[in-house]
Amino acid sequence: MYGRDPWGGPLEINATDSATDDDRSRNLQDLDRAALSRPLDETQQSWLLGPGEQKKKKKYVDLGCIIVSRKIFVWTVGTLLVSALLAGLITLIVKTVPRHHHRHSPPDNYTLALHKALMFFNAQRSGKLPKHNNVSWRGNSGLQDGKSDPSVLMKDLVGGYYDAGDAIKFNFPASFSMTMLSWSVIEYSAKYEAAGELNHVKEIIKWGTDYLLKTFNNTADTIDRIAAQVGIGDTSGGSSAPNDHYCWMRPEDIDYPRPVYECHSCSDLAAEMAAALASASIVFKDNKAYSQKLVHGARTLFKFARDQRGRYSAGGSDPALFYNSSSYWDEFVWGGAWLYYATGNSSYLQLATHPKLAKHAGAFWGGPDYGVLSWDNKLAGAQVLLSRLRLFLSPGYPYEEILSTFHNQTSIIMCSFLPVFTSFNRTKGGLIQLNHGRPQPLQYVVNAAFLAALYSDYLDAADTPGWYCGPNFYSTDVLREFAKTQIDYILGKNPRKMSYVVGFGNHYPKHVHHRGASIPKNKIKYNCKGGWKWRDTSKPNPNTLVGAMVAGPDKHDGFRDVRTNYNYTEPTLAGNAGLVAALVALSGDKATGIDKNTIFSAVPPMFPTPPPPPAPWKP
């Protein structure tokens, strides 16, 4: 049966449903080809081709949970594929190309010098040395200190540090040295950590404070004496009795008596020792038992200093020949400030800021040595230390008046360090003459460099760009530059191209005035006079006293590398402590700055805690 296809072709219609699927398929293939060539409208196409065979592609892709544009879908998938290809390619390159290990930038000169300067303290240790002392030519020494003098109360005076090129243990400069080191750790612990020296410097401080605790009855609340010195050095009057200056022996070989000097009225020494223990208690605040022991000792010492007035070096005693104290008022301000920071007890702050105390300490009059921090006069350090309190806590009445005065005087001191002012002369090579051309200048220079760098960091931390010297404003960078130029001079940037820190650079003193460094460790024991040949020889020291800062050049930048002239070549604890403090302040990244808060750990809030806000209003 045939019918007419409305589209123009013949169409066979099977009358019965018995035709097989093959027959139907064969019939569809017999369609009129001419009919298919005619254009079909959209409806006809949908009838004939079905929805899956339309020519136009869909504009959207159904992802099941979301429908996205086909264009976006294609771009996204393509981007992911390209990214994966690139990542694989980069990984392949990284895996196959030889690696070049990029080192961190080398440490600066200040950090390099810091490592060495700290080693000097290892070389100065007395007593039974730790295994990791790392100074091969040193050994145990002074193991009978205290025991050999029947007249003293404190029998165990083993330990501590030898002061300089001899084997005398002076508590006065040693205490100042520990205070300076503790101050530098409190302010710059992050820089010590970055240099890998934090544990080392804390060991150095603890070695010193452990010994200081032995020199008085540290468990008592009230004391009547301090063992101020072990060993004597007086050779006046032509005496040939063996002592620490007449003899030239390795400390390990000393066999002569070492008398102990006790003081019963020594306000300056006791207050400085109190400052050392109080500042160290902040360094070791995480070791509560030891920190509290230090605080208790500091309180006891300061009470003794206030109750039994007098200078420890009065009356022509042996200390007066070497470390004569000019006054004890500056130690009262210094020690009081440190005890306030260590305890938070306002009575110490009231004392440290008392106008009469400041007046006696010389805060209101100038003088040629005004502003010079040293083992003898701590006023400049105390003024900077208390200016810190005003900058960051601003305690207000009743402290504001004297704190403001100290702050202004600190600004004046900083002005006096600048080359544009004539408070202090300079050598042609640029070294500031803080001791006015007298010998051994470097110990004063390093302290000034530390104060300048530290005060600069104080101002930066307080968001203060600088300070005024009269009508002129100076940036904090000027202070830091002063500190750098002075330390650079010491490290070799001077007319002689001489590094005054032993072991730093290629050109440094080889004839350091130091008994242990000048006598070889050759299993030969040289007696008191037997070592004189090593003192007088023109040969370089057989042992390198790494990190020792010698006394320094003269006012004409001249220097004689001669062992017998201690004014040029002898190092000291106090000098190296200032050097370490200045070096760590200048080392590393300037952005690291100071630790603003650790020093205030024990200080209570200055103002009452404000009341809590009212509860939110509810309708």
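A Cβ is built for glycine as well, from the same backbone N, Cα and C atoms used for every other residue.
Predicted automatically and left uncurated, TrEMBL annotations should be read as such.
Per TrEMBL, the feature active site maps to His513 (among others). Every protein chain considered, the tally of other Cβ atoms within 10 Å of the Cβ of His513 (active site) stands at 26.
Sequence annotations record features per position, and here TrEMBL assigns active site to Asp561 (among others).
Positions annotated as active site by TrEMBL: Glu570 (among others). Listed in sequence order, the residues of the same chain lying 6 or more apart from Glu570 (active site) and placing their CB within less than 8 Å of its CB are Ala164, Gly165, Gln440, Val512, His513, His514, Val550, Ala551.
Marked as domain 'Glycoside hydrolase family 9' by TrEMBL: 110-583.
Residues or ranges marked as region 'Disordered' by TrEMBL: 1-25.
TrEMBL lists 72-94 with the feature transmembrane segment.
Other Cβ atoms within 10 Å of the Cβ of Asp561 (active site), summed over all protein chains shown, number 17.
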